[in-house]
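Peer 1: The structure's right below; bear with me while I get my questions together.
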């Protein structure tokens, strides 16, 4: 395929993809490399990196920081991808209805989208997770619920652009139903920019999840990067490694996703990309 | 004529913004109300928090006060009425009205967010313009890479790393707090002391937005430089600097300011985390404490007040927008 070949020639996009694949592999093999749960104490508290067989050191309770970082990759990727999907479903639905039907429906939905875009999303996320208690599911749904507006606006714009095209009119003439036209004709033509923005949403979702768990709103049963940084915060004077490594993990993962997403954007929507860069 | 016209548009815009503000307050208050109803447990237990839920007399008082036996519509109307009168409920944990708790902390948060916002806008656009004018140079590449990295850095972690370098290792800056406690200082020294405490929180909060504005400004400058009116200005024989200042900057700033307004909500959210890192005595810190105690009325109040702050910041960027957009000042009349 042309797009695949073009992506293979995109240097920063490829760097992003390769790094991302490494993170995925680490997440997948975490239970094999670290058979002991990241919550288990394996050494003396405050073990510095490199000592006692702990590559990245031990935390305040003597838990392996490296194991935490590896298991944290699972949490970040799962939450990042699942909540970006949730945001995509909400955003595309609202954007498609708004763009296809127009008029009053569009007006009301876009006012709602603007409102969601204005209010401080992170504070809303805190409120939602605190209300329904932190768990994997509530965190994913919450991040999805505060991340959909850019996707709705994009989908709406694409639908506005496409809905009067000949192929839509042809489908209308053939008596095809609304749902079929929307899902079968318009959406496939709008899908590439939607995928690009969804991939970038994974990155912001990971950042949002890490901030939530840093504030103590992570799933209490899952070891996550944000939680580790939050736990290491108070002892940073004596033990830098507890907060430095999980933070680097977030930085590298998010950077990789952004590079990958922008590469994807350059390949799939050259017109839009050239205007942006 | 032109001035009058633009003054009238700004007046109209301010009016519509105030109407919007009232509408948003009502929508968010309604949302808060629905959230309390949707939360697990009965609303009285939710509002009383973990500590109060075991006190049957308090729960009974709460049920009576909020009229929980009345229909939802009546409850909602009375709740909205209280919000409009700035009654945001009572924190049973801290034994004080929520609005007092919030107003006490609001100035510190505003100081932090407004400073970070202005600095990010000022430095970000300057750096972005420089990078855009020197597109393709080493400077440009350095800026681009730096902004990519900053864009991927969690704010709270950046804050911690600054503490690690500038407080723990170098000992240059105070690691947390708003001022040096237990010291009597002259007014000027006191201001300097606060400023010193602000350096790291403001830097970590501003960094990501600085990066965003710089990237936007860079592409905006590159785009504007290719427009016909710049070629005309060159053809008229105007010098380089006067073209940049007189023609390019104003036009290039328009999209940056638009995005800056849209990012205000994220900035305020970032302040909540940053305050937690630096023990900054603002609303973020209050949020963290309220979360630990599941002090629900406080969380609801903070959400409402911070949303208002964001809308006011939006109004501010709208005003800047009207002042710099050439089409707004010449075309409106």
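Each Cβ is built from the backbone N, Cα and C atoms, and glycine gets one as well.
Taken from TrEMBL, the feature domain 'ABC transmembrane type-1' applies to B:106-317. Among the features that TrEMBL reports, transmembrane segment is placed at B:21-39, B:110-136, B:148-174, B:194-212, B:252-278, B:298-321.
Mind mapping these onto the model and telling me what they sit next to?
Peer 2: Beyond the ends of the transmembrane segment (B:110-136), by six or more residues, the same chain brings 143-144, 198, 201-202, 205-207, 209-222, 225, 244, 249, 252-253, 256-257, 260, 264, 267-268, 271, 274-275, 280, 282, 309, 313 to within a C-beta distance below 8 angstroms of the stretch.
Listed by sequence, the residues of this chain that lie at least six past the ends of the transmembrane segment (B:148-174) yet keep a Cβ under 8 A from its Cβ atoms are 180, 196-197, 199-201, 203-205, 207-208, 210-212, 215, 270, 273-274, 276-278.
Outside the transmembrane segment (B:194-212), and at least 6 residues removed from its termini, the chain residues within Cβ reach (under 8 Å) are 111-113, 115-117, 119-121, 123-124, 127, 146-148, 150-151, 153, 155-156, 158-159, 162-163, 166-167, 173-175, 177-180, 259-260, 263, 267, 270-271, 274-275, 277-278, 280.
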